[in-house]
Amino acid sequence: MTDQALSAHQTVPSKPTSASRTTLSHIMTAHDTNLLGTVHGGVIMKLVDDAAGAVAGRHSGGPAVTASMDEMVFLEPVRVGDLVHVRAQVNWTGRSSMEVGVRVMAERWNESTPATQVGSAYLVFAAVDAEGKPRPVPQVVPGTERDKRRYQEAQIRRTHRLARRRAIKELRDKRAAEGIGD
Ligand SMILES: CC(C)(COP(=O)(O)OP(=O)(O)OC[C@H]1O[C@@H](n2cnc3c(N)ncnc32)[C@H](O)[C@@H]1OP(=O)(O)O)[C@@H](O)C(=O)NCCC(=O)NCCS
């Protein structure tokens, strides 16, 4: 990020978690199935990315792109006729990046039984300007104790992502320096 963008970062007003929290709901149909007859994981991942993208755009007040998606967990199969609710919120913000946490719930479309959790994921979005360059984001202010816990957990994931990336780069650089190919 440029020095100009960094100084702008300090003046972008912060926003509460609740300002951008969003739920996207969708009924699963026969078009969404895999060869086993249950809903394709990629269909759920698309909904997760859509909901997280809406949250990142709302929080940052403009375009934001998916930088990474990790810890996508599928807990239960999703079936045709399930009404799927994808709940997303900004867990943490850096300078230009935001971690968005997503919880996927499902309930039968025509029954009044409670929805159960079928999946979850964490995505990192980068807010970008018209040239696609990272731009500063408002700092997120966690409102509830749950939001505060999610903020702290997101910081742990951020530390691990950076450490993993650094360690892999160091290993590759070392192998390259030793003349070892892929
Ligand atoms: C994401 C992107 C904007 C980052 O650009 P960059 O030039 O590497 O910029 P930076 O290194 O300054 O990274 C910007 C921020 O994103 C974060 N980031 C970048 N890559 C990341 C990754 N793989 N995982 C997690 N965070 C990442 C950085 O930590 C930084 O956060 P911070 O500003 O809060 O400290 C750029 O790689 C891009 O445009 N990727 C394609 C995005 C896209 O098209 N997504 C849709 C896929 S179909």
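Using N, Cα and C of the backbone, Cβ positions are placed for all residues, glycine too.
TrEMBL does not curate its annotations; it predicts them automatically.
According to TrEMBL:
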- 144-156: compositional bias 'Basic and acidic residues' (COMPBIAS)
- 18-131: domain 'HotDog ACOT-type' (DOMAIN)
- 1-21: region 'Disordered' (REGION)
- 135-156: region 'Disordered' (REGION)
Within the domain 'HotDog ACOT-type' (18-131), what mean pLDDT does the predicted structure show?
97
Cβ under 8 Å to the compositional bias 'Basic and acidic residues' (144-156), counting only same-chain residues 6 or more beyond its ends: which ones?
17, 89, 91-92, 99, 101, 122
